[in-house]
Amino acid sequence: MASKSFSFAFLLLFFLCTFAAAEPCDNHRFRGGKTFASCIDLPSLNCSLHWNFHSLTQTVDVALRQNSVDQKTRWMSWAINPHSKGMVGSQALVAFQKDDGTMVTYTSPITSYATQLQKGDLSFPVNGVSSILEGNEMIMFATLALPANTTTVNHLWQEGPLVGNVPRMHPCKLVVDKTSSRNQWKVVHGILCTLGWGFLMPVGASIARHGKQWPGTAWFRAHVFSQCSAFLIGLAGGIIGVLLWLGALGARIGGGIHQYIGITLLGLGAIQGIVGYCRPHKEDKKRVYFNIFHCSLGYGTIGLSIANVFLGFHMVHLMIKTWPQVTYIAAISLLGTISLILEGVGCWRRTTKGKLIALLTMMQEDRDGHIIA
C-alpha cells in the first residue's frame, strides 16, 4: 500500500512540476490579437520564433522577438538559407529603429560575408514585412511563401550595432540552429503517442465494449493488455514531449494547447489505471458508480487523444508529408467501422435473445395451462 501511495504522489508531483515550468514563448501575447500555433525559444541572443504554417498555400507567418536593453541602437535579423546551413545564400529580414524613432524593416539577400545588409529582393515571395518596438523588445513580422516541396528549413538569426541608421558588422560569431536531431525526437514522440493514445487506447475500449458478447474472460485480459500497453507507449512519448518542451533535447519547443492536452492525458491515463486496479467487486453496490466513472473518463480520454493526434500533425507540418495523417485516418476509420459492425451484431444478438426468451416463456405458459386443464 505504501508503494502505491508513493507512486501516486510521484505522478502528482511530476504533473504539477510540469505545469509549473513556464514556457516564455508560449506566455507572450501579441498586440492586436495576433496568435501563432507554434513557437520556440532560440538558444542565444534572447530570441523567440513564432510561426503559423498554411499547408494549402505553402506559406508561413513568422514573428521574431528579441529582448535587449539597447534595442534602439542595434539591428536584428532573421534569415532562411534554402540550400545550406551557412550565412552566404541566406534570405534575410532586417529590422531596426532609426534616430527619429520610426521602424525600418526590409528584405536583404546575403551574397557574401562582407554584406552591408543592403535592401534587395529574396529568392522567394515575402509579404507583410513589418516590425514594432515594445519597451526593450523588438518584434519583426513577415509572411513567407516557401519553395515547393519544402520539408525542413535552415534558419539563422543575428544582431549588430547601428551607426547613423546604417547596420554595421556584427561580432564574428555565426549562430545557426541545427534542428535535425530535435526533429528526430519530435518524430519519435509523434509515433509513440499516435500508436499509444491515438490507436491502442481506442482498440482497448472497443474490446471492452464488444468483447462481453462472447463467453469467458479473454476479452477482459485483452482489454487490460491493450490499455496498459497504450498507456506505457503513450507515457514514453509524453516524456519525450515534455523534454522537448523543457528544452532538454535542444532548444525549447512551445506546443500551446497540444502540450497541455498531452499532460492532461497523462494524468487521465494514470487515474484510469489506479481506478481500474481498485475497482469494487461485481456484486458491490458501488460497482455501478465505478462503471459510469470508468466509461465516461475512458471515452473522454479517447476523444482528447484523437484530437491531440491531429493537433500534433498540424504542428509538424514542415517535417512530414500528408501520408502519416492519411494512414492514421484510414486506421482509425477502419477501427470505427469494425466497432459499428460489432455494435450492430450485438444489437441483433440482444434482440434475438430477447425474442427467443419471450417465445420460450409463452410456450412454457401454454404448456402449464394445458397441464392445469
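Placed from the backbone N, Cα and C atoms, the Cβ positions cover glycine too.
What TrEMBL records for HIS189, HIS223, HIS258, HIS294 is heme b binding site. Note: HIS258 (heme b binding site) has non-local neighbours ASN308, LEU311, GLY312, MET315, i.e. same-chain residues 6+ apart with C-beta under 8 A of its own C-beta.
Summarising the annotation, TrEMBL assigns domain 'DOMON' to 45-160.
Residues or ranges marked as domain 'Cytochrome b561' by TrEMBL: 142-351.
The signal peptide feature in TrEMBL is assigned to 1-22.
Residues of the same chain lying 6 or more positions beyond the ends of the transmembrane segment (187-208) and with a Cβ under 8 Å from any Cβ of it are 219-220, 222-223, 226-227, 229-238, 240-241, 244, 262, 265, 269, 298-299, 301-302, 305-306, 308-309, 312-313, 316, 319-320, 324, 328, 331-332, 335, 338-339, 342. For 187-208 (among others), the entry in TrEMBL reads transmembrane segment.
Annotation source TrEMBL lists transmembrane segment at 229-251 (among others).
Residues or ranges marked as transmembrane segment in TrEMBL: 257-278 (among others). Beyond the ends of the transmembrane segment (257-278), by six or more residues, the same chain brings 4, 8, 11, 15, 18-19, 193, 197, 224, 227-228, 230-231, 234-235, 238, 241-242, 245, 290, 293-294, 297-298, 300-301, 304-305, 307-308, 311-312, 315 to within a C-beta distance below 8 angstroms of the stretch.
Per TrEMBL, the feature transmembrane segment maps to 299-320 (among others).
Beyond the ends of the transmembrane segment (326-348), by six or more residues, the same chain brings 194, 198-199, 202-203, 206, 209-210, 213, 306, 309, 313 to within a C-beta distance below 8 angstroms of the stretch. The feature transmembrane segment is assigned by TrEMBL to 326-348 (among others).
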Site diameter for heme b, Å, by largest Cα distance between HIS189, HIS223, HIS258, HIS294: 27
DSSP residue counts for the domain 'DOMON' (45-160), split into helix, strand and coil: 3 helix, 64 strand, 49 coil
